[in-house]
Amino acid sequence: MRRVILSNPRGFCAGVVRAIQVVEAALEKWGAPIYVKHEIVHNRHVVDDLRRRGAIFIENLSDIPCGGKVIYSAHGIPPEVREEAKNRNLFDIDATCVLVTKIHSAVKLYASKGYQIILIGKKKHVEVIGIYGEAPDSVTVVEKVEDVENLPFGIDTPLFFVTQTTLSLDDVAEITQALKVRYPNVITLPSSSVCYATQNRQEALRSVLPRVNFVYVVGDVQSSNSNRLREVAERRNIPARLVNSPDHISDEILNYSGDIAITAGASTPENIVQLCISRLKELIPDLQVEEDIFAIEDVVFQPPKELRN
């Protein structure tokens, strides 16, 4: 008899819940249309649902009529976007994750103190673009270990590093180790820039990997943290697939013996996970479902002041 082990925590984090609730509350308070700068979170199911309810997702503020309402996505924005919104007389609401905002604030602070900032992350990811924009003359983005060797700073340059919140813990450990070897005096935040939810989901999955022969990560291909979960399994030689709906689960699984793990990215609704489990039960009728709880998450972020009762 085969088992599917559900890695827990999985799915929505506090920042994603807050961002979605911001859009829902804005639609309820002011009605459609409500404009959202970038996809509120990187998940097609969430975005499509909000679009049906009256949210309009845009990349350029010029697509919003003057005086309109705009919500900034959970990933954050560079300061010039806020300035443009002000110039266009837009009513803006910030749904940036609280933990991303913390990194923005740290980058501004240390840049003002004369530090060069090393930002570990993916250059094209919207979160990194937003953080970089806080101090473009002081920030250098590092994507991989090899980039550390190419940094132009002298050994005595005051250096401060932060990371994108959704990176692989494995990658961050390798890059920060290389950074500290080359620049022993580099400093960072007292706690990791990788958010609690990213850490919990990766560590929860790691804990079940010795018991399984295959992993499904339920998440969107655009989702950074979902892709990193897939990599956690693959680094440990466990076949893994990133799926965003039950339609993506094929009878390929019948070619593998042993138990299966399922986890989900931080922007994945739990109902999609349950649909994927149902699909697996169709393929493997005697499949047993087991929940594996690694940590209990009780983090809640308050809504922006514009939407508080």
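Cβ coordinates come from backbone N, Cα and C, glycine included.
The annotation active site, proton donor is assigned in Swiss-Prot to Glu127. Marked as [4Fe-4S] cluster binding site by Swiss-Prot on the basis of sequence analysis: Cys13, Cys97, Cys195. For His42, His75, His125, Ser223, Ser224, Asn225, Ser267, the entry in Swiss-Prot reads dimethylallyl diphosphate binding site, with the evidence type sequence analysis. The isopentenyl diphosphate binding site annotation in Swiss-Prot covers His42, His75, His125, Ser223, Ser224, Asn225, Ser267. Look at Swiss-Prot and you will find His42, His75, His125, Thr165, Ser223, Ser224, Asn225, Ser267 tagged as (2E)-4-hydroxy-3-methylbut-2-enyl diphosphate binding site.
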Suppose we draw a 10 Å sphere around the Cβ of His125 (dimethylallyl diphosphate binding site). How many other Cβ atoms does it contain, all chains included?
19
Around His75 (dimethylallyl diphosphate binding site), which of the listed recorded positions (Cys13, Cys97, Glu127, Cys195) come within 10 Å, judging by Cα atoms?
Cys97, Glu127
Need this for a regression test: binding-site residues Cys13, Cys97, Thr165, Cys195, filtered to those with Cα within 10 Å of Ser267 (dimethylallyl diphosphate binding site). What's left?
Cys13
Candidates His42, Glu127, Ser223, Ser224 (recorded positions) with Cα within 10 Å of Cys195 ([4Fe-4S] cluster binding site):
none
Residues near Thr165 ((2E)-4-hydroxy-3-methylbut-2-enyl diphosphate binding site) in space but at least six apart in sequence (CB under 8 A):
Cys97, Leu99, Val100, Ile103, Glu127, Ser193, Val194, Cys195, Thr198
Most crowded position, judged by CB atoms within 10 A, among Ser224, Ser267 as binding-site residues:
Ser267
What is the Cβ neighbour count of Glu127 (active site, proton donor) at a 10 Å cut-off, with all protein chains included?
24
